[in-house]
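Asker: Marked as transmembrane segment by TrEMBL: 48-67, 74-92, 98-116, 123-144, 156-176.
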Amino acid sequence: MADVPFDQTPLDQAPLKQTPAASTLFERQMAMYTTYHRDSRNKATHAVGIPVIVFSVVLACTLVPLVTVAGLGTVTLGLALSAVVWALWIVLNRTVGLALGLLVVPSVLLSAWAVARLSTGTVQGLAGALFVGGWVLQLLGHVYEGRKPALVDNLFQALIGPMFIAMEALLALGLAPAGLHERIERQAGPRS
């Protein structure tokens, strides 16, 4: 393995290893989330609502400058928060976490673009409207589900929601890690 350049190392053999504890935590949290999201209409509302909420939070946080780095620009709360949460997602499950880069990176870039070109009030209004709209969609989904949102019982589920959506997308594309979905479903138990 030492003779293979890092950029040619297969993902499952890369130095960034999945720890058993993180993998177990991820699967337990995903199983819990799954039990609250069995209805296809609920999943559909979440597939739209969750990315909208993530973007709205990044957008609002991009209004808060943290530090200016000479030659690079300003690091905002939106960028810092996105980096920390994305790193957490990657630690919990490398494949699903990396896939979430398709949500995180555009959210950061679009937020920076919007903050640079729109008034603060416009950005605040847009972020607020998107945040509320995303939650309305999700709550509508839970009406179909007939069950309260998972985060009511466990606030950590708010961080698992985007991973659930990414996992669903990876499953649909045939790119989910082998056996992961089956292990999560087994832990989630039968549909009620």
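The backbone N, Cα and C atoms fix where each Cβ goes, glycine too.
Any TrEMBL annotation is an automated prediction that lacks curation.
I'm curious about the neighbourhood of these features; can you describe it?
Answerer: Outside the transmembrane segment (48-67) by six or more residues, the chain places 74-82, 103-104, 107-108, 110-112, 114-115, 120, 123-124, 126-128, 130-131, 133-138, 141, 161-162, 164-165 with a CB less than 8 A from a CB of the stretch.
Remote same-chain partners of the transmembrane segment (98-116), defined as residues 6 or more beyond its termini with a Cβ less than 8 Å from a stretch Cβ, comprise 11, 51, 54-55, 58-59, 61-63, 76, 78-79, 82, 85-86, 89-90, 123, 126, 162-163, 166, 169-170, 175.
Long-range neighbours of the transmembrane segment (123-144) within the same chain, counting only residues 6 or more positions beyond its ends whose Cβ lies under 8 Å from a Cβ of the stretch, are 36-37, 39, 41-46, 48-53, 55-57, 59-60, 62-63, 114-115.
Away from its own ends, the transmembrane segment (156-176) comes close to residues 26, 29-30, 32-34, 36-37, 43, 46-47, 50-51, 54, 85, 88-89, 92-93, 95-97, 99-100, 103, 149-150, 184 of its chain (Cβ-Cβ under 8 Å, at least six residues beyond either end).
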Asker: Should anything in the same chain at least six residues away from the transmembrane segment (74-92) have a Cβ under 8 Å from its Cβ atoms, list it; otherwise answer none.
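Answerer: Contacts of the transmembrane segment (74-92) (Cβ under 8 Å, skipping residues fewer than 6 from its ends): 16, 19, 22-23, 25-26, 29, 57-68, 98, 100-101, 104, 107-108, 111-112, 115, 159, 162-163.
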